[in-house]
Amino acid sequence: MGWQSRIEAALTEQHRTAAYRRRVPLSGGNQRQLVHEGQTCLNFSGNDYLGLSRHPAVVAAWQRGAAEHGVGSGGSGHVTGYSEVHQRFEQRLADWQGYPRALLFISGFAANQALLAALLQPEDRVLADRLSHASLLEAALHAPCSLRRFAHNDAAALSRLLAKPVSGETLVVTEGVFSMDGDAAPLKALAADAQAHRAWLLVDDAHGIGVVGEQGAGSCRAQGVRPDLLVLTFGKAFGVSGAAVLCDDATAEFLLQRARHLIYSTAMPAAQVCALDAALTALIEGDALRDRLQQHIRRFREGVAGLPLQLAASATAIQPLIVGENQAALDLAAGLRARGIWASAIRPPTVPPGSARLRLTLTAAHQPGDIDTLLEALHAACG
Ligand SMILES: *Cc1c(COP(=O)(O)O)cnc(C)c1O
């Protein structure tokens, strides 16, 4: 068939199913507002839930860090890329979350891929919530072990799978707050199930950290559980990027021997670690930001009642409106765009077939009037 025709056939298929993905170049700061081709829109699609990407102390910390340490780390952490700045921040993260160790990764995607690839052997199994992030499910598919998905947030379904014998080890995988639905996992029940079967629990709290729990300590602290492996990502409420795996001492040492994304990749720049350190301080002290976000969530959920759209059961910054068909979701996004609202349509395979949606996100950077503008635009676009 040839490379060219294979690629063209794939693109044609993407068009046919209204699944074609495009990036659009934005400007204007990409925070509360963004600018697209000269049009200023209110941004309801970002993950910067507390607005920390523009926090003066975080920006200043990155600038000072760059002046002091340069902008690149110069190598893998196993060679010269790991500094005392990295070491101090890893320890601070570990102490904050109550783990012996934290290991920094360049992204959440890399952390999840590295973890699963390093840990799993052919006789093992992964039992994952079926709505887990692609970085987890794809890592499990590529690992030599077996993968079974359990019904979303269904601890009883997990129990049934756990009851089946396995010759190797079992890793249970879930998210703290689900990225496309905004709902919370029943972590207490999942952790009890896993523990009863001597399985390990991995929680990816990309969307819970900073937003949920006292001082933004995340979904696990809020629900009183301590998973064996906790993945935090810094591209959302931290407002920066990168990730960390929290675990015990031996597991950290094991990952340093086996996690290829750590060994064969340039370490995070120290200047970025300085920004993360400042972001962690702002996040811990960010109760006022979290209160503001909760007020926006309440305002939105009250105002959206009565619209002919399915609102997900979410108490978090992620407030998806489930539309159904791909084209309908694209049309609604376009209708909002015409009214100055930026809201991305999310389609399969990111979400299950037939559940295309607008993934609306609210942030502390929004103003109450922004939420009202969004609601007016939704009523007009649906009316
Ligand atoms: C965003 C996200 C990731 C990926 O993190 P990056 O740092 O953006 O690579 C992983 N897991 C979940 C649940 C996410 O939402």
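Residue 1 is the first one shown; counting continues down the chain.
Glycine is treated like the rest: Cβ placed from N, Cα and C.
Annotated features in TrEMBL:
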type: BINDING; residues: ARG21, HIS133, THR350; note: substrate binding site
type: DOMAIN; residues: 40-378; note: domain 'Aminotransferase class I/classII large'
type: BINDING; residues: GLY108, PHE109, SER179, HIS207, THR233; note: pyridoxal 5'-phosphate binding site
type: MOD_RES; residues: LYS236; note: N6-(pyridoxal phosphate)lysine
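On the structure: features taken from TrEMBL.
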| residue | record | contacts (Cβ under 8 Å, 6+ apart) |
| --- | --- | --- |
| ARG21 | substrate binding site | GLN14 |
| GLY108 | pyridoxal 5'-phosphate binding site | HIS133, SER135, ASP204, ALA206, VAL231, THR233, GLY235, ALA243 |
| PHE109 | pyridoxal 5'-phosphate binding site | SER135 |
| SER179 | pyridoxal 5'-phosphate binding site | HIS133, ALA206, HIS207, ILE318 |
| LYS236 | N6-(pyridoxal phosphate)lysine | ASN47, ASP48, TYR49, ALA206, HIS207, ILE209, GLY210 |
| THR350 | substrate binding site | ALA134, MET180 |
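Taking the binding-site residues HIS133, HIS207 in turn and counting surrounding C-beta atoms within 10 angstroms, the largest count is reached at HIS207. Those same-chain residues not listed among GLY108, PHE109, SER179, HIS207, THR233 yet with C-beta within 8 angstroms of the centroid of the pyridoxal 5'-phosphate site C-beta atoms are HIS133, SER135, ASP204, ALA206, VAL231, GLY235, LYS236, ALA243. Across the annotated binding residues for substrate (ARG21, HIS133, THR350), the two most widely spaced Cα atoms sit 18 Å apart. Checking the binding-site residues ARG21, GLY108, THR233, THR350 for a CB within less than 6 Å of any atom of ligand 1 leaves GLY108, THR233, listed in sequence order. When secondary structure is read from DSSP and collapsed to three states, SER179 (pyridoxal 5'-phosphate binding site) falls in the coil class. According to its DSSP assignment, THR233 (pyridoxal 5'-phosphate binding site) is in a strand.
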